[in-house]
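Colleague: So that we are looking at the same thing, I have put the structure below in structure tokens.
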Amino acid sequence: MSASTKRKRDQAEESVPAENPASTDVEKAIKPAQKQEEETSFVDLGLDPRLLQAIAQQKFAKPTLVQRKAIPLALNGQDVLAKADCGSGKTAAYVLPLLSSILKRKATDSTAFTTALILVPTRELADQVSKAIEQFASFCAKDISTAKLTDKVSSKVQRALLSNSPDIVISTPSTAWQNVNSSALSIDKLTHLILDEADLVLSYGYSEDLENLSRSVPKGVQVMMMSATLSDEVDTLKGIFRRDPTLLDLKEKEAEGEGITQFVAKCGEDEKFLLAYVIFKLKLIKGKCIIFVSDIDRCYRLKLFFEQFGIRSCILNSELPLNSRVHVVEEFNRHVYDIIIAADEKNEMLGDDEEPAETAEAQDDAKKSNEGDDAETEAKRPKKKAKKSKGGDKEYGVSRGVDFKKVSAVINFDLPTTASAYTHRIGRTARAGQTGMALSFVVPKDLYRKHMPTSTPACENDEKIMARIIRQQAKRDKEVKPYNFNMKQVDPFRYRMNDALRAVTKVAIREARTRELRQELLKSEKLKRYFEENPTELSHLRHDGELRTARQQAHLKHIPEYLMPKDGKQALTEDVGFVAMRKDKKGKGKKGRGFKVGSRKRDPLKTFKARRKTK
């Protein structure tokens with residue numbers, strides 16, 4: 001090495017700035033702490049050993065972020081308000097510390113009284129919470145008693161359920177207050193009050209019931225509120241219960257490539273059905289899928305439309321009995337059904353939780369546009385409260401809280417009316433660190449009302465709503481990508497779509513609703529009585545049968561080869577299954593009707609000699 005080269009190297013080394021020892025020490029201290037927190041196990045959280053056994057039985061590897069943060073606070077008796085993503089484990093975050101505290105108390109005091117009241121907005125969520133408690137308490141079932149008040153039973157039955165003072169009561173606010181007011185439920189010694197999906201509890205019109213309950217609960221009760229969004233409703237709840245809880249605004253770190261991939265497709269109202277037909281008939285989406293529509297009629301229109309093409313699906317809406325709804329979700333989670341068509345009738349109750357600055361920006365844009373008055377009215381419109389539906393279960397809810405497992409895709413056949421409802425809909429997929437896809441159909445303003453048989457008022461403001469959704473997702477560093485179908489390949493299927501839509505008339509939809517409701521009521525009674533004694537028979541009860549109220553055309557169930565796109569052929573014919581034309585001809589004729597040996601030798605068409613008659 002030359003002297004000049006060595007001199008340059010020495011100068012370069014001297015010019016490198018020295019590390020700040022203080023900053024280095026801080027970084028070294030922070031990184032191990034973060035790593036240690038991420039490696040925290042359920043054992044480190046200080047839970048009861050029996051709960052740890054149940055956790056191990058369910059094969060939970062380690063606690064999620066919301067569980068790591070909320071459980072220690074809850075065990076210390078602090079009030080908690082936790083905001084975490086859908087599918088992040090919020091239920092376990094309050095159930096585990098609750099069970100642990102009950103077991104700790106019962107070790108020294110065996111007095112029976114209601115310790116905890118869990119308030120939920122919907123019957124479906126109540127059933128899910130009840131099952132979660134049952135699973136986590138599997139090794140201490142004798143020490144934990146639970147009562148679920150959301151089943152449709154008489155007040156006498158509810159009073160009987162509460163007569164033994166169960167440790168935990170799960171209910172909607174209205175039912176809870178009715179029982180407290182009638183003295184069937186005593187909450188004088190209540191120690192825990194939990195609100196799951198806290199923002200939705202208020203949006204469903206339970207404000208008066210919550211006010212009454214807040215005046216009845218003891219002063220020292222511990223309050224826990226869980227939600228996937230932080231909106232004004234949550235602030236209202238804090239005021240109702242006069243609490244200042246520890247706020248946990250949490251977001252799990254996503255691994256690279258994980259999460260939800262969001263797409264939007266602009267199309268006409270009739271083209272929604274065309275694209276849905278192509279997607280499911282050509283199997284462009286693999287795995288289980290939830291399709292959200294705006295009302296019950298749309299549920300049956302889409303189901304009857306799918307029936308024309310032999311596409312099996314089942315329905316979820318507020319008209320169906322609770323037992324049937326719960327069973328549909330359970331069977332869907334067990335991979336019995338692949339497609340659920342869900343009526344999200346209450347998504348309009350949630351006001352948009354966008355920031356005031358964004359609302360002002362929307363108002364400014366609205367003033368500049370030709371539609372200034374309408375858009376400004378939309379921006380200033382107050383949040384809607386629960387609307388009383390003419391029929392159906394007012395405590396029904398499918399887009400919030402319900403734990404659909406391993407859902408590959410969510411399709412917003414009808415776009416929700418708020419960006420908040422959109423967030424919760426797409427939260428049904430990509431749960432617990434999995435991946436998923438969300439596809440939304442948007443009807444442009446110039447295509448609205450162009451096809452009256454399939455038109456619905458819910459599509460009137462699709463473009464405005466999607467603009468808000470895109471802004472909200474951008475704040476979360478999420479992108480809603482355009483999904484452009486190759487309409488040249490899709491158009492050949494249009495005439496088949498038109499044939500199927502013509503068959504799905506209003507009369508057919510009305511008859512389908514009546515028939516489905518009658519069938520599900522019968523199934524619900526069976527689920528309630530017979531299947532309690534014969535649980536193994538439950539798997540034979542299906543909910544995806546054909547309604548057959550629309551005129552069906554057999555040829556629509558099969559796709560002619562000339563209609564198939566070139567790229568779609570291979571994907572469609574991979575799993576063809578048994579085809580008679582390809583059967584091996586060896587051994588043909590060995591089964592079935594027999595024939596006499598030698599008959600071929602006496603073929604009259606070849607020999608012109610008829611066979612002699614035998615006497």
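Each Cβ is built from the backbone N, Cα and C atoms, and glycine gets one as well.
Straight from Swiss-Prot, here's the annotation block:
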REGION    1-37  region 'Disordered'
COMPBIAS  25-37  compositional bias 'Basic and acidic residues'
MOTIF     40-68  motif 'Q motif'
MOTIF     196-199  motif 'DEAD box'
REGION    351-396  region 'Disordered'
COMPBIAS  351-363  compositional bias 'Acidic residues'
REGION    583-615  region 'Disordered'
COMPBIAS  583-594  compositional bias 'Basic residues'
Colleague: Quick test of the contact rule: Cβ under 8 Å, at least six residues beyond the ends. What residues does that give for the motif 'DEAD box' (196-199)?
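Modeller: Distal contacts: 81, 90-91, 94, 118-121, 125, 129, 225-231, 233-234, 237, 350, 400-401.
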Colleague: Looking only at the motif 'DEAD box' (196-199), how are its residues distributed among DSSP helix, strand and coil?
Modeller: 2 helix, 0 strand, 2 coil
Colleague: Could you give the mean pLDDT over the motif 'DEAD box' (196-199), rounded to a whole number?
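Modeller: Mean pLDDT across the motif 'DEAD box' (196-199) comes out at 85.
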Colleague: Under the DSSP assignment, what numbers of helix, strand and coil residues are found in the motif 'Q motif' (40-68)?
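Modeller: Each residue of the motif 'Q motif' (40-68) counted once, the result is 16 helix, 0 strand, 13 coil.
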